[in-house]
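> Take a look at this one; I'll ask things after.
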Amino acid sequence: MSANDINGGNVSDNDKETTVTENTTNDDALDAAQLREEARQMRDEARRMRDEVSRMKDEIVSERKRMEDLKDELSVLDDRGGQWSDYLEVKGLHVEFDGFVAVKNLDLTVEHGDLRFLIGPNGAGKTTIIDAITGLTPATGSATFRGEQLLGKKPNDIVKLGVGRTFQTASVVEELSVLENLQLAEGFRKKTSDLFKKVKGVSQNIQYMLDVTGLTADAYKPAGILPHGKKQWLEIGMLLVQDAHLLLLDEPVAGMTPEERQQTGELLKRCSRNRTVIIVEHDMDFMRQFADSVTVLNQGEVLAEGSVEEIQNNDEVVRIYLGGGE
Amino acid sequence: MNAPTTSSGVAGAFISKYRAWFGTAVTIVLIFLMPAVLSTYSLGLLAKYLCYAMVAVGIGLAWGQGGMLTLGQGMFFGLGAYVMAIHLKLEELGPGEVPDFMAQYGITQLPGFWELFRNPVIAAISVAVVPGVIAAILGILVFGRGVRGAYFAILSQALVAAFSVLLIGQSKTTGGANGLSDFSGFFGYDLTDPANKTMIYFICAFLTLGMVLIVRWIRGSFMGELIIGVRDQENRMKFLGYNPASIKVFAFSLAAMFAGIGGAMFVPVVGIISPSDIGVTPSILMLAGVVIGGRTTLLGPVIGTLLVRFAETQLSDAYPSAWTYIEGLMFILVIAFAPMGLGQFKGVWPWLVEKIKGGSVGATAAGAAGQAKAVEA
């Protein structure tokens, strides 16, 4: 446009026209080149951006996949299936041995995420409650977990409802390795035809539980040579690989060193976040340190129930049970 | 110096990786070698030992792996044997005929259960299936009620005692204490022909090999772990969601099938089956080889049984009255010094190799150190 201005204003319309046309042509050529250049640049830009986008897409996909993996890994312990509705409700539980009443019309509710301790003097019926819930001892009344009645079912069927227990003496298959023990526990839902296949490799589930229970280094050792504490951890690990959501543990820290107690307590605390955990225990220090709630039993009946402080401040409990030691 | 070590290491790794195939190949070669080096009579004896070895393989599974002390395998051995004997008798008879002993009792009509086993295919299947099914029913009744340990052992022994009494009592249909004997053919083959005797030996040998391979497969599978788990921690297994009874029934039933097949082959090999072959004492003798060979190992029961039976034949010929004492002594020695049987010594060889290798490595190291010192000096 600047050329037009310099040529002056007194130019005929025709001239003007031509000039304009000429000019336009010039301009057009210039513009076209410029535009082409610009277009090329934009095309390059677009290509770059496309590349970038696809790269970012890939990144997002891989990131998402990594997240999935991570979530999978985490869910093994923390998120898997645990729900508020996974609670244990015992109503009117009654166990009698030849006229001796071991558990008397007992009501007990343990919620999801709770770490409940059952304490009481010898013969209070603590272990009997576990035996009744897991189908070892016949009982009347009702015990439901996730809305399923447990009483009257066979032990192996109760396990399939997500209920796992340990025994006072560590019960692991001593001749088999730690890994094989865990595989035994994991395989309980196998189809009959799969029973005759070789077990290959270590599943992610087992690998994770080995880490959680601190047994990775011992995976290939026979379970029989493990120290007592580790046998108990293995047994807890076996329940974890089974994806048990109600854990019933009978004196898990009996005979452990203080360090082992601490580690066991932390493990159980961690497990209890998304599970329902009930522990029968004599060790009061252990109870004070890790219990979320406590039920005190005496002669087959509930004497008191509440938090650790409430129990410790309960005069009757102190008199009957805690009194001697304090 | 380096090359031979490496190659032997590679060969060693190769053998240990394909040990089963290697062992099977060697065994097959041995099986085919035997008829060339043994007389027909000795081959017949070997075939008889192999029949007992089949029972032993089953006992190894049920007792060694599964912890079920089966003192009554004679019953399943007998079931298989009688099914086979009945079939072989029927083969010889013309239409409408009955065996001699029945004719002596004035029976003219064959009993119903005899007719069942006239068909050769049904008979061949039944020698395994009849003991297997009976063992399964027994197992469900016994293991389902939680009977185990010594109680199970006593029960199985009582059953075999009752079974032999039953056979003697039913002498009109089972031949009584005399049993069934004098068989001339085996599925159409003449039993007096040495070539057919060799064939029967081959059948026994390959059946034994097959059973060992089946047990090896089970031991290597998840089922093998389950069986051990149920043996050592029955309660734990129950509270892991398994039904211990069904796992036990499986192992027990399979052992019974092996015993039945062993019994069935015993008939053409020895030519007679009678209650005295399957009573309480023979049942315990079936255990002897397993104890001596090592019940928890795969091959121990077979090798032990072959050794014990061989020793029995040799020594009872030489010292007929002393054999029982010698066998008793063997038992005491094994239980006192090697409670897990001769299989216990399988760790000795690797240990020796380790020692020798360790020694030589030590020597080389010492030599090298010496050389280094010499160089420094």
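Glycine is no exception: its Cβ is also placed from the backbone N, Cα and C atoms.
Got these off TrEMBL a minute ago, pasting:
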- B:20-38: transmembrane segment (TRANSMEM)
- B:50-71: transmembrane segment (TRANSMEM)
- B:121-143: transmembrane segment (TRANSMEM)
- B:150-169: transmembrane segment (TRANSMEM)
- B:199-218: transmembrane segment (TRANSMEM)
- B:249-273: transmembrane segment (TRANSMEM)
- B:285-310: transmembrane segment (TRANSMEM)
- B:322-342: transmembrane segment (TRANSMEM)
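Locate each feature and note its surroundings.
Same-chain neighbours of the transmembrane segment (B:150-169): 68-75, 78, 82, 138, 142, 176-177, 179, 275-276, 278-280, 283, counting only residues six or more beyond its ends whose CB sits under 8 Å from a CB of the stretch.
Counting only same-chain residues 6+ beyond the ends of the transmembrane segment (B:199-218), those with a CB under 8 A from a CB of the stretch are 20, 24, 27-28, 31, 34-35, 43-44, 46-47, 50-51, 53-54, 57-58, 60-61, 186, 189, 191, 224, 227, 254, 258, 261, 265, 268-269, 298-299, 302.
Distant neighbours of the transmembrane segment (B:322-342): 288, 290-297, 300, 303-304, 308, 311-312, 315-316; these residues of the same chain sit at least 6 beyond its ends, with a Cβ under 8 Å from one of its Cβ atoms.
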> Hey, which bits of the same chain come close to the transmembrane segment (B:285-310), Cβ under 8 Å, at least six residues off its ends?
48-50, 52-53, 55-57, 59-60, 63-65, 70-71, 73-74, 77, 208, 212, 215-216, 219, 259, 327, 330-331, 334-335, 338, 340-344, 346
